[in-house]
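Student: Quick one: the structure is below, questions incoming.
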Amino acid sequence: MTIRSVVLGCGSYLPQRVVTNAELASRIETSDEWIVQRTGIRERHVAADGEFTSHLAINAARAALANADVDPQSIDLIVLGTSTPDNTFPATAVAVQNGLGIHHGAAFDLQAVCSGFVYALATADNFLRSGSFKRALVIGAETFSRILDWNDRTTCVLFGDGAGALVLDAQQQGGTAADRGVLSTHLRSDGRHKAKLYVDGGPSSTQTVGHLRMEGREVFKHAVGMITDVIVDAFEATGLSAETIDWFVPHQANKRIIDASAHKLHIAPEKVVLTVDRHGNTSAASIPLALDVAVKDGRIKKGDVVLLEAMGGGFTWGSALVRW
């Protein structure tokens, strides 16, 4: 027998305000056609004044707990993937824990930029499989609108705010790819590329928050190869393949990257879950947001094999295979 981290439920939250490409085109030199052609993005959500990353995360966590039909007091681990915490410290996860009325167990943030949710999922999975904890909330939440240079049309059109969450439960399974739960996780990073996607501020370096800076062509050039390599690792570890997975839920950064990755891996287009058009790139929140959409609309069902992947600044990247 093997302990697996089984998904009990999922949830998400999006800020009320929607910013369309047309609105951006009225403020900066861009157009709906230019944005859609290069990214596939049509609109994104932006947090209101006074609405913090913790608020988004708490709402997503509550939705996931309700979907799982579990008592918040049964949660003994919260791992929050975010690059936009409320404060330098304490961890935003602690604010989430308190907001949910949980005063036991452990809660901490994990920062791997757009790979943050996959990193958080892998971390929680390892804690559950080790027996250290029994039930976890894994959250991705971001307010990237707060770190954008709204005069830089190459970056400000790409990102949005939001949060998504999963409830994981440690359960005894048979130890095969037929098990429900997290079947594999693979994480990678290479700091040689850190200057290609970064924020030009920080408490130690500039004592300011800073703005996101990106060499878009360089990111695109590396993304497809890195993503596909770490997915091949997942397939080899589990004996699964592009043919045997049911759904591919990638980080929603750019439709061209998603399409190219699916094509290289021979994943059928109808298996790809796309939400980048309506959410934009929500960094660590993008995968759980997309998962929640596909669960709510009936595509992802119990027993389905779901492939997750992400790549973010650092570079960091990773994959996970989950049987729902």
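Using N, Cα and C of the backbone, Cβ positions are placed for all residues, glycine too.
The structure displayed is predicted, hence computed values, not measured ones.
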Student: Can you say which of 72-76, 142-146, 192-196, 252-256 is given as region 'ACP-binding' in Swiss-Prot?
Tutor: 252-256
Student: Can you give me the Cα-Cα distance between CYS114 (active site) and HIS251 (active site) in Å, rounded to a whole number?
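Tutor: Just about 7 Å between their Cα atoms.
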Student: Counting only residues 6 or more past its boundaries, what in the same chain has a CB within less than 8 Å of a CB in the region 'ACP-binding' (252-256)?
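Tutor: Hits for the region 'ACP-binding' (252-256): 38-41, 114, 158, 220, 223, 274-277, 279-282, 286-287, 289-290, 311.
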Student: Within 10 angstroms of the C-beta of CYS114 (active site), what count of other C-beta atoms is obtained when all protein chains are considered?
Tutor: 32
Student: Take the Cβ of HIS251 (active site) and count every other Cβ within 10 Å, whichever protein chain it belongs to.
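Tutor: The answer is 31.
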Student: Applying a 10 Å Cβ distance cut-off over all chains shown, what neighbour count does ASN281 (active site) have?
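Tutor: A count of 23.
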Student: Give me the CA-CA distance between ASN281 (active site) and HIS251 (active site), in Å, as a whole number.
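Tutor: Cα-Cα, rounded: 8 Å.
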